[in-house]
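**Student:** Pulled these features from TrEMBL for this protein:
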- B:41, B:189: substrate binding site (BINDING)
- B:117, B:162: ATP binding site (BINDING)
């Protein structure tokens, strides 16, 4: 992790515009605020371009997408591309229905994401690779490195494949992140909020690969820290402590040995 | 309670599809995850049938229903009926407006729910019985047994009437549940999440009446357990501990005397 | 603060109807429940008037407004005006896009709010005054007293300008509130929930200026109380304790010296 990336976010409080799913809006907003960003969430086509003009980054997440929201996503994405601000695309549940697959194809035809972030099943689906999925969750095994690289080359973006080990493909490199905690998969929207945190890190002045590595490492350390809190007894009490931890410094999260990460 | 019903849910992590209200989506998703199910939430008509194909149960909740969402509810419900998976219908606030009454009538003409779950005012409204209501809450008294039985026969479904004593009508039997805690009525969506928990239990291999009794008993015990936590001082701190408790075993919730329930 | 205003709310549990933004619905509902009100949230045009008939107050909040939701807001607002129940208008992010400015103008042409509540940038935007804004947040300084008075006169309503010092303009008076805590700006929707709490207080039998002063004073004291809880370590753990504190008595919040406030 590069602690200066986290610090830059907190110095600049980047405005991250979200067209995201209804389940996670409150959690993503609170998590991003804790981390040091400033969330905006709106889905009206008529203000999509205006919002992009004031934003520093954009998150597109199709978790509860409706047909009549797609145009606003595309308009926001195109405006972000024109302005040159980073775009994180989260193809939630894309393997679950043909509707979602078509939506993602439409978005990818018109918007160039900086990063596509998903679980193995979602990223595999984008490149028609074969990984077992179930609902919006990925349950199978597969050659995730290959899938990440294939998707990265096909869409000319960085790729984040979340899992027990997160795989990042960016700038022709494959790197891995091992921080994290199983309780993250017991709360809804942990992957979605990671997209917001990554978007905030992408507004800093570092290479994408380093920004993503720092976002994922920090996020996982925050989860580990929260899970160690003595009062945490399950996913319900984990959640507030995890949001707290997102506001801490890298040093606070791992006892000061941040240089080694 | 039959602890094996809870255990089966946790072994199978049933995928419960929700077309539910915007207020409770995050809470319902987190509560169901803690309990052992896997939530999916989506309202687009174009994927309603596809989602039903991968789901193990369906929750329809009209708490914030829009006219243009009704078709997706009906499509999801019909697909669930065809597939033979359980459907929980929650007629939130049906007594409050004629719009909601018409919506529920349209849904009930086309979808056969496994269970209709509501407070006394809501269930009474479905059978045109007279119970005092206020907004989306039921405040009056009435012969709830009669109303539950009448609704069950009229719609050929099981009925759950939530209240200080919950009334279950299923398989020509009336049974009661006394577990629970007043703090449940101080948090929004406690009834809605109960629908999700019941839906998960309905995917197990037991009679409906036993599934519902176990769902309600467990849910109430989890609330009692959370309310006993020393740090809980009100509805805000109750909520995370309640979600924790939903992840516990029946034995953890009542100190091991589970057989007696 | 007038503790009797808080007590009246708790005696009457006023039904507060909301057409509000998707990010804060759950938080606003839980916060209002804790405070002693009863939330209803619905956006369907076809039931807007019926819901107003059963409600005691109305909150209109444009935080995630869609073009196709404006008519329901106007219908609800007009029905509330006809019935004579208080209306709180929260012009979230009105300075951010021309779309939002037009929406607010349309609403204000047809609905007469009892109170308009916003941050300095939002209220300034309504009267075309010049204050620096950023996204949905106000970051600049300005003559807030003048802006509050100008807006109050122009729209013939009370005005609440939230900030480090809150400014209330009502009944030709300017008064100030100093209670509060910085953690309120670390959680999303703190301003939105204040609108719900104010709406509940507006249903009591006191002058508007006293109702608003009590709502703001109580709300800030609740935040201060929560921030003092030893287990609160950041915005995540602050939130549940803040909701708890909203359910406390004025005496509990400040150690019994309530008369002096």
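Each residue, glycine too, has its Cβ placed from N, Cα and C.
Unlike curated entries, TrEMBL annotations are predicted automatically.
Help me understand the surroundings of these features in the structure.
**Tutor:** On its own chain, residue B:189 (substrate binding site) has B:23, B:24, B:27, B:28 as residues at least 6 apart in sequence with a Cβ closer than 8 Å to its own Cβ.
In the three-state DSSP scheme, residue B:162 (ATP binding site) is classed as strand.
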**Student:** Among the binding-site residues B:41, B:117, B:162, B:189, state which ones have a Cβ less than 8 Å from a Cβ of chain C, giving them in sequence order; state 'none' otherwise.
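**Tutor:** The binding-site residues close to chain C are B:189.
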**Student:** Checking interface proximity: list the binding-site residues among B:41, B:117, B:162, B:189 whose CB sits under 8 Å from a chain A CB, in sequence order.
**Tutor:** B:41
**Student:** Calculate the distance in Å between the alpha carbons (Cα) of residue B:117 (ATP binding site) and residue B:41 (substrate binding site), and round it to a whole number.
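**Tutor:** Here the two Cα atoms lie 19 Å apart.
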**Student:** Judged by the number of other CB atoms within 10 angstroms, which among B:117, B:162 is the least packed of the binding-site residues?
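**Tutor:** If we count Cβ atoms within 10 Å for the binding-site residues B:117, B:162, the smallest count is at B:162.
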